[in-house]
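Participant: What follows is a single structure, and I will ask about it in a moment.
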Amino acid sequence: MCSVKKPVSCEDLSAASSVRSLDDSYEIFESDCSDFYDVDCDDKRRKSNKHINATYLSSPNADHGVRSDMDRLETTPLLSTLHSTAYGNLPTNERTGPTSSVIMSSYKRFEKAAKPERKQQSSLVTIFSVWNTIMGSSLLTMAWGVERAGLPVALVLVAFMAALCLYTAYVLLRVNCHHGTATCEVPALCRVLLGRSAEVVAHAFSLIVLLGANIVYWILITNFLYFTVNYFADLPNSNTTVHNTTLLCPSEDGLNGSLIIPEPVATSPYWNLHSTVPVYVAVIVFPLLNFKNVTFFTKFNSLGTLSVAYLVVFVLTKGYTWGIHLNNMVISTQVDKNAAVLSGMLALSFYIHNIIITIMSNNARQDKNGRDLTIAFVLVTLTYTLVGAVFYICFPLAKSCIEDNILNNFEMHDVMTAVARILLLFQVVTVYPLVAFMLRSEAILLLLFEPTRCLTVTINTIIVTMCILVACFCPSIGTIIRYTGAVSGLIHIFTLPSLLQMRSLYIRGKLTWWKTLFYCLIVVFGAVNLLMQFFIDE
């Protein structure tokens, strides 16, 4: 538990980053919602409080002492609900001229009853929430990352990145414990400890994460829609028995091992994966982006857990069917520059830092936050390792054939693959409006625009246009994930937690030279991770 006195409170400075308005009902990858929701609510509270205050002070029985005390009470967001309740319960003979002490005592007496309690959850639910939030589309690319880094290096790198991301996430919890509140998030802490510019940087790089997520989801929707439609269109002519044993190596031609790579089927110019289908996706998705209330889509949250569970079963089943194939695997303990592909991906795969305070603040056992967070990260690490390593070890073709979307290695008529694509298609379509809402809300908050219907449609149009262009000309989700992870990881995972911790230690008089060196090395690692992304052999 935290007992250190907070020198500054961030409760009134900034809303919690992007997940605030949907936090109680939805958690996802990268999942945040919008600061704007809280800003809007605060504006409404201030207007309501101002009206109540003006009405009360206009009374001839209100003395100057009460005015000053009520002015002070106006700074608390609970006044709009507590003032009338507390004052209505004062003794009759005091209503004509209540003293400031009576006002304050009545306020405190009714504060607990009137304040809406935060939803508390057990440690088990908290662990599951963190695990469910972290797990995302990176699961489809993990085997590809293992192939690029090499199995031994990949196993070490996954464990190292998991430990480092866990530590920096826990650092944010400790900093918030000393200088924040349960409603704070990283941008608010940045404003309190590092200044307004740091808050802007935090919001700006949240935009990058959300933009990357929007693009990746759009490419996945395009892919799943294309192959799902083809599956049902060609179902009467397919030989399921043959197709279920066929693997593809789209990156190479000719024969590979004992499996023949089928020739690509000619497609219609009106139904092309990298030209027309991304546009068709806009016809489906764009109307969903303009819903006034996106909380409807949170009802499908369980699909995320179901999809992850199915992918794990999918990989284990295929691995058992194939058996272990080490003949095409090159064992190397040397760290190649291509290992940065995996480290960049993992920076996004373990990314939860901009909403970790919100999630952990709902834990009923606040003294066990460190333990619960560690267990959640261990489970995530095991899941990534299981999917990536098992698929890599058991894959019967040359390991270089592994795609950045493992489903692309299977013939479209493979039944388990078709089920996976259908399930993931429905899940991603229901998730995308939420992610787009988060991106739009962050943009409005950062640019200080007044939200209007026209502005909403304009921003949605820009988002959709960018997603279509990337899906047509650069449809590689592995490349997008590693660049997004390296850029956002440098700021949100490595730099901001380190700077916030150093500032906190300095304020508390506990900053030493070796601690400064340690946190500076974390920042340097994030910078090197980003720099190495530009030297990868594609």
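Glycine residues also receive a Cβ, built from the backbone N, Cα and C atoms like all the rest.
From a predicted model like this one, the values you see are computed outputs, not experimental measurements.
Residues or ranges marked as domain 'Amino acid transporter transmembrane' by TrEMBL: 122-531. Summarising the annotation, TrEMBL assigns transmembrane segment to 124-145, 151-173, 200-221, 271-291, 303-320, 340-361, 373-398, 418-439, 459-481, 487-505, 517-536.
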Participant: Of the listed stretches 124-145, 271-291, 487-505, 517-536, which one has the most C-beta pairs under 8 A with the transmembrane segment (151-173)?
Facilitator: 487-505
Participant: Which stretch, 124-145, 303-320, 340-361, 418-439, 487-505, tops the Cβ pairs under 8 Å count with the transmembrane segment (271-291)?
Facilitator: 418-439
Participant: Tell me if the transmembrane segment (340-361) touches the transmembrane segment (517-536). I count contact as 3 or more CB pairs below 8 A, with pairs 6 or more residues apart.
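Facilitator: By the criterion, they touch.
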Participant: Is the transmembrane segment (124-145) in contact with the transmembrane segment (303-320), using three or more Cβ pairs under 8 angstroms as the rule and ignoring pairs under 6 apart in sequence?
Facilitator: yes
Participant: Is the transmembrane segment (200-221) in contact with the transmembrane segment (487-505), using three or more Cβ pairs under 8 angstroms as the rule and ignoring pairs under 6 apart in sequence?
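Facilitator: Contact confirmed: at least 3 Cβ pairs fall under 8 Å.
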Participant: Does the chain bring the transmembrane segment (373-398) near the transmembrane segment (340-361), so that three or more CB pairs sit under 8 Å (pairs 6 or more apart in sequence)?
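Facilitator: Yes, the stretches contact each other.
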